[in-house]
Amino acid sequence: MGRIATGAIVSLWVIPVSVLVNRIVPDPYMDEIFHIPQAQKYCNGDFMSWDPMITTPPGLYYLSLVHVAALLPSKYVLQLAPSFPEACSTAVLRSVNGVLAVLCSIIVYEIITHLRPALDDRKLGAMAVVIRQTNIIWMLFVACSGVIDITMAHQKDSVEVDDSKASNKGTNLSALNTSVNVSSNLKRRKSRGNSKANQHIFYPSNTSSASQTLGLLHEIQAIVLSSWRIKWELLVSFSPFFFVLLAFVAFLLWNGSVVLGAKEAHAVSPHFAQIMYFSIVSALFAAPLHFTIGHALDLFQSFWKNRLLGFLLLFLASIASLLSVHFFSIAHPYLLADNRHYTFYLWKKIIKFHWSMKYLLVPFYVYSWLSIFRLLGKTRRRIWTLVYFFATSAVLIPAPLIEFRYYTIPFYFFILHSSINDSQSWLLIGILYTVLNAFTMTMFLFRPFHWDHEPGVQRFIW
């Protein structure tokens, strides 16, 4: 029932927004001038032609063929499209996004409520790579999360078995001597206490920075040792991920680049400042979680409990951020030339407002990342948070362009794994997104403008 309700609620805004967009903007716009003709070639059976300006794999075009084939019988009966190619209109191809929005909302609902814990991540990962290449990183992230869960569960089972053997041994000895019985009971209490401590060591809440560092090293050691003991089990369980990874490596060798087309404009670059931008954007998009007095005090107290190590880490993070924005802050030609994107104005009006602005923003970058780590650390193991940071960095650092769509997947992972327990935070975040989306659609649909050097109507978009 919940899945149906979720799909219905999302459909209530997807359908009217889609109708409104198709009525006001009936022709292909921006990147649609490449994607829609390419999809229409597939509809005509031409699978060999490829627009060199398209950078992503053709997975979305194949999904479009399935979508059009599903709609064709009704269109034929209503005499709206007598043939398959004619059914591939701009409006129909755009409706694929609406269908995917509904399906994704149901998947997110399943994840949040844990109604389907056996969701097949391997198939989803393979499909994601076909649609966008950098999703290979998130497929590997899901695989690493699975390895962490399996190895830690295996270690916990091993500890319980060892404790059980020790307890049985102590019981047998107690039958021989009463004094030994007392000693054995004391040892068993100590053993049980240590076992309970080990069960909770992976979920820190108010521990000091030193204990967190030791806990991280302990987790890495435990995972490595447990992984080696059950290496064949892990190999069999995660072999589908391995095959997808091999296919991606083969694609890189064949293509010579991550992107298919426009390789010069999307060359891999050491854009370390990108992870700084992601941190503050994610914090702003979840402002009710990050920018509260209670959360700021909690973050400060976690550092104050071990001031030496805490402020050393803070100093190193600040230095790394300063070096990132000074030496590895890239202004892509697309960013500087296209005033249809909001990132153009954020770069021009904020980051480039004064030469010192990119340095003055560093404290906000550092706070945002520390806040993200703090929130994730309340529900996830430290090693999971570290892998999350590496995955986010692997996706964002090579990207020379500053585009918010690159931030969506790591942001979703953060939200899904954060401890948001109060309804007030959800309500405030919901209001924030509603206002933001209403503003975006209003600007896109009702505030068009024109370029002097190019004919046609231009519109603001993310």
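Note that Cβ sites are derived from N, Cα and C of the backbone, with glycine treated the same way.
Bear in mind that TrEMBL entries carry predicted annotations, made automatically and left uncurated.
Positions annotated as signal peptide by TrEMBL: 1-19.
The transmembrane segment annotation in TrEMBL covers 59-78 (among others).
For 90-112 (among others), the entry in TrEMBL reads transmembrane segment. A Cβ distance under 8 Å defines the sequence-distant neighbours of the transmembrane segment (90-112), meaning residues of its chain 6+ beyond its ends; these are 2-3, 6-7, 9-11, 14-15, 18, 21-22, 26-28, 32, 36, 39-40, 60, 63-64, 67-68, 71, 119, 412, 416.
Annotated transmembrane segment per TrEMBL: 124-148 (among others), in sequence order.
Taken from TrEMBL, the feature transmembrane segment applies to 234-254 (among others).
With a threshold of 8 Å between CB atoms, the same-chain residues lying at least 6 positions outside the transmembrane segment (274-297) that come near it are 321, 324-325, 361-362, 364-365, 367-369, 371-372, 374-375, 392-393, 396-397, 399, 402, 404, 406-407, 410-411, 414-415, 418, 420, 424-425, 428-429, 432-433. Positions annotated as transmembrane segment by TrEMBL: 274-297 (among others).
According to TrEMBL, the transmembrane segment annotation covers 309-335 (among others). Packing against the transmembrane segment (309-335) from elsewhere in the chain are residues 208-210, 213, 265, 269-273, 275-276, 302-303, 341, 343-344, 347, 358-359, 361-363, 365-366, 369-370, 400-402: each is 6 or more residues past its ends and has a CB under 8 Å from a CB in it.
The transmembrane segment annotation in TrEMBL covers 355-376 (among others).
Sequence-distant contacts of the transmembrane segment (383-406) (same chain, six or more residues past either end, CB-CB distance under 8 Å): 134, 137-138, 140-141, 144-145, 148, 216, 219-220, 223, 258, 266-272, 274-275, 277-278, 281, 330, 332, 334-335, 341-343, 347, 373, 376-377, 413-414, 417, 462. Feature annotation from TrEMBL assigns transmembrane segment to 383-406 (among others).
According to TrEMBL, the feature transmembrane segment maps to 426-446 (among others).
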Close approaches to the transmembrane segment (426-446) from elsewhere in its chain (Cβ under 8 angstroms; 6 or more beyond its ends): 17, 20-21, 24-25, 285-289, 420, 459-462
